[in-house]
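Some features that TrEMBL has for this protein:
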| type | residues | note |
| --- | --- | --- |
| BINDING | G134, T135, G136, T137, G138, D157, W186, N200 | S-adenosyl-L-methionine binding site |
| BINDING | N200, P201, P202, Y203 | substrate binding site |
| DOMAIN | 16-85 | domain 'Release factor glutamine methyltransferase N-terminal' |
| DOMAIN | 129-206 | domain 'Methyltransferase small' |
Amino acid sequence: MAEDDSPASAPDLGTVLAETRRRLAGAGIGEAALDARLIVEHFSGTRRIDALRDPALGLDALTVGRIEDAVGRRLAGMPVHRILGYREFYGLRLDLSPETLEPRPDTETLVEAMLPDLAGIAARKGACSILDLGTGTGAVALALLSALPQARASGVDLSAGAVKTATENAGRLGLDGRFTAFVSDWYRDVIGVFDAIVSNPPYITTVEMRALPVEVAGHDPHLALDGGPDGLDAYRVIAAGAGGHLDREGLVGVEIGSRQKADVAAVFAAQGLRLRSVARDLGGHDRALVFGF
Ligand SMILES: C[S@@+](CC[C@H](N)C(=O)[O-])C[C@H]1O[C@@H](n2cnc3c(N)ncnc32)[C@H](O)[C@@H]1O
């Protein structure tokens, strides 16, 4: 693995893992140990337990070459999940594509904020319909469907590539019978009324966009991030259209930036939607707001 001291015989799993970790840490990568493990396990087809039980396991040249290539991309600033091509979200493996945001753990806060009420609706009505605006990989809708067997969801996105990826993710997860994704500019091509509208919309301000770390700006699509001059463009559209697409007993749940609670609540209040609950992420930041009429 090292540039100047590669062993003559096939390197073993333990050595490759240690060397990968050393190189990533040496380059100042914060999560070096985790990233090294994810890269080595993915490209060698091993699991965490294999490195513990059998560190002498030999890796063939092709595998070592693939790990080398992945380490090169990580050192060049590509986020580890972009290299792997997937990310876990709410226990689901979601494939990524260039048109999709990499789903973040913070977004699980929105899923958990919605679940108790949606479970109540599903129990009462025997069904629950969900609209996910800006579905990306399908993360929010698919997580909710995985927890609510009686629910069905529609996911829309302006990006055709994201719609394709979300559809494929649903199929791989066996959720395609209850999930439909299609291209729409927010509500434009959406027909019908739903029990819940959920969205993790773009909410970064134009000024913040200029200061994004390269790992975000260079790899997550601009369309998934840019919330307009004050970061609130998408919330205005989502709030304004809710009246036409939300059951009167239904709920709207949105992810927000950590300092947007008051502004987003005001946008929804202007459309007659009352703030019912606020959920914090693991870092203690306000992250998801739930509204109802
Ligand atoms: C922050 S990402 C969220 C993706 C996914 N829901 C998640 O949580 O990982 C926002 C998504 O909104 C989509 N989007 C942006 N503008 C849109 C529009 N006008 N209509 C529909 N979707 C839009 C983007 O393509 C992107 O997939």
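Glycine is treated like the rest: Cβ placed from N, Cα and C.
TrEMBL entries are annotated by machine, without manual review.
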Same-chain residues at least 6 apart in sequence whose Cβ lies under 8 Å from D157 (S-adenosyl-L-methionine binding site): G134, T135, G136, V163, A166, A181, V183, S184
Listed binding-site residues with Cβ under 6 Å from ligand 1, out of T135, G138, D157, Y203: T135, D157
Which listed residue (W186, Y203) has most other Cβ within 10 Å, given these are binding-site residues: Y203
Tertiary neighbours of N200 (S-adenosyl-L-methionine binding site) (same chain, Cβ under 8 Å, six or more apart): T107, L110, G134, G136, A139, V140, V254, E255
Alpha-carbon spacing, W186 (S-adenosyl-L-methionine binding site) to P202 (substrate binding site), which is rounded to whole Å: 12
Three-state secondary structure, D157 (S-adenosyl-L-methionine binding site) (per DSSP): strand
Counts of helix, strand and coil residues, the domain 'Methyltransferase small' (129-206), according to DSSP: 26 helix, 24 strand, 28 coil
Residue among binding-site residues T135, T137 with least C-beta crowding, 10 angstrom cut-off: T137
Alpha-carbon spacing, P202 (substrate binding site) to T137 (S-adenosyl-L-methionine binding site), which is rounded to whole Å: 14
Chain-internal residues near P201 (substrate binding site), provided their CB is under 8 angstroms and they sit 6+ positions away: L133, G134, G227, A234, Y235, I238, V254, E255
Number of helical, extended and coil residues in the domain 'Release factor glutamine methyltransferase N-terminal' (16-85), per DSSP: 50 helix, 1 strand, 19 coil
Among G134, G136, G138, P202, the one of these binding-site residues whose Cβ has the fewest neighbouring Cβ atoms within 10 Å: P202
